[in-house]
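Novice: Can you keep this structure in mind? I'll have questions shortly.
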Amino acid sequence: MTTKQNIKRYSRKELEELMQSIGEPRFRAAQLHRWLYSDRASDFHEMTTISKSLRETLDRKYFLPQCSMSSTQCVEDSSADSTTRKFLVQLHDQEAVETVLIPAEGRNTVCVSTQVGCPLHCSFCATGYMGFTRNLNAAEIAEQVFLVQDYLDAIGCGAVTNIVYMGMGEPLLALEEVIESVGILSDTTYRLHISQKKITLSTVGLLPEIGMLARSGLTTNLAISLHSADQETRASLMPSARDYPLKELRKTLIQYTSETGQPVTLVYMLLKEINDTQEDALKLVRLARSFLCKINLIDYNPIVNIKFDSAGEQRKNIFIRTLVDAGLNVTVRKSHGSSINAACGQLAINKKLPESSTL
């Protein structure tokens, strides 16, 4: 007996090729894609705009996997100033990822995961200590947003307005699937469509993939997990920086901003006595003056058995003042969901964290 294939593994282009290979007109692919990602059919026989014979062929050869989550897999932040919610999203192969809803300032932002685990092992990030299992496909990325929208509909709290690819994993290691998922989520003819201007992709700074992203035609925002403008310090925090040093990252970001005309966001987590001195701030000033950018400062979010501390208010204020006095565009991002391990760097599923880790 032939094993059924996952129809959601096919990109939009691959669906066109599939339809042509079985003698169907090319437009059938568009109909099928709409049923999958706008109407969100759970069975081929629901696809009434497609001929019965094609529905039967698809049902015989393919299956329609569904991601899922339940109310019991939702954790709410109980702090007075946050309504962040963290969801456990079950994938069809029994793997799972965490997805976060951040309602704030009139927006509903969804933070999506792109990998089960992460292979990059950033020292301040819980996900890296999970190890790495696999990339998500485009459907699994998009369905995280669909499921959160279902949740918002159920509680009467509006629509998803923004998406950040800042959950579990390194998005640019799954670049093809990420690009395909952005296409699904931003299709203006679909039921749920988010402007690409309200979608942000994050990366530790994978240089070849940043170049590919610049040429992809997407108009999404790009955030760089920087965390230090000193090469030695950055490499000690983020092993990937050894392969992609700051000197080369700077050149790539100059080219990226020149090609796209869009600023990048430099994300900088302030860590006590590691990257929070005035000298560190001045190094960041010199780097940031090289290309069009804005700087997003964030506090360290505690992780069990990882011995970092947040910079104190005095050191943080001196750091901020140094950047502002240099004329840089600086925002201080409020962490949402730290009390439920849903903030930046805290996402991890049922994996043992290290007994002790420090720089």
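Using N, Cα and C of the backbone, Cβ positions are placed for all residues, glycine too.
Copied straight from Swiss-Prot:
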- Glu98: active site, proton acceptor (ACT_SITE)
- 104-339: domain 'Radical SAM core' (DOMAIN)
- Cys111-Cys344: disulfide bond (DISULFID)
- Cys118, Cys122, Cys125: [4Fe-4S] cluster binding site (BINDING)
- Gly169, Glu170, Ser202, Ser225, Leu226, His227, Asn301: S-adenosyl-L-methionine binding site (BINDING)
- Cys344: active site, S-methylcysteine intermediate (ACT_SITE)
Novice: Can you tell which of the binding-site residues Cys122, Cys125, His227, Asn301 lies nearest to the residue listed as 'active site, proton acceptor' in space, using Cα positions?
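Specialist: Given the candidates Cys122, Cys125, His227, Asn301, the nearest one is Cys125.
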Novice: Among all protein chains shown, how many Cβ atoms are found within 10 Å of the Cβ of the residue listed as 'active site, proton acceptor', not counting that one?
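Specialist: Result for the residue listed as 'active site, proton acceptor': 23 other Cβ atoms within 10 Å.
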Novice: I'd like to confirm something. Which of the recorded positions, Cys111, Cys118, Cys125, has a Cα closest to the Cα of Ser202 (S-adenosyl-L-methionine binding site)?
Specialist: Cys111
Novice: Nearest to Glu170 (S-adenosyl-L-methionine binding site) in three-dimensional space, by Cα, is which of the recorded positions Cys111, Cys118, Cys122, Cys125?
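Specialist: Result for Glu170 (S-adenosyl-L-methionine binding site): the nearest of the recorded positions is Cys118.
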Novice: Within 10 Å of Asn301 (S-adenosyl-L-methionine binding site), Cα to Cα, which of the recorded positions Cys111, Cys122, Cys125 are there?
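Specialist: So the list is Cys125.
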Novice: Show me the subset of Cys111, Gly169, Ser225, His227 whose Cα is within 10 Å of Cys118 ([4Fe-4S] cluster binding site); these are the recorded positions I mean.
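Specialist: Of Cys111, Gly169, Ser225, His227, within range: Gly169.
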Novice: How long is the line from the C-alpha of Cys125 ([4Fe-4S] cluster binding site) to the C-alpha of Gly169 (S-adenosyl-L-methionine binding site), rounded to the nearest angstrom?
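Specialist: Checking the Cα atoms of Cys125 ([4Fe-4S] cluster binding site) and Gly169 (S-adenosyl-L-methionine binding site) gives a distance of 10 Å.
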Novice: Could you give the Cα-Cα distance between Cys111 (disulfide bond) and Leu226 (S-adenosyl-L-methionine binding site), in whole Å?
Specialist: 19
Novice: Give me the CA-CA distance between Gly169 (S-adenosyl-L-methionine binding site) and Cys122 ([4Fe-4S] cluster binding site), in Å, as a whole number.
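Specialist: Cα-Cα distance, Gly169 (S-adenosyl-L-methionine binding site) to Cys122 ([4Fe-4S] cluster binding site): 11 Å.
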Novice: Among the binding-site residues Ser202, Ser225, Asn301, point out the residue whose Cβ has the most other Cβ atoms within 10 Å, with all shown protein chains included in the count.
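Specialist: When each Cβ's neighbours within 10 Å are tallied, Ser225 leads.
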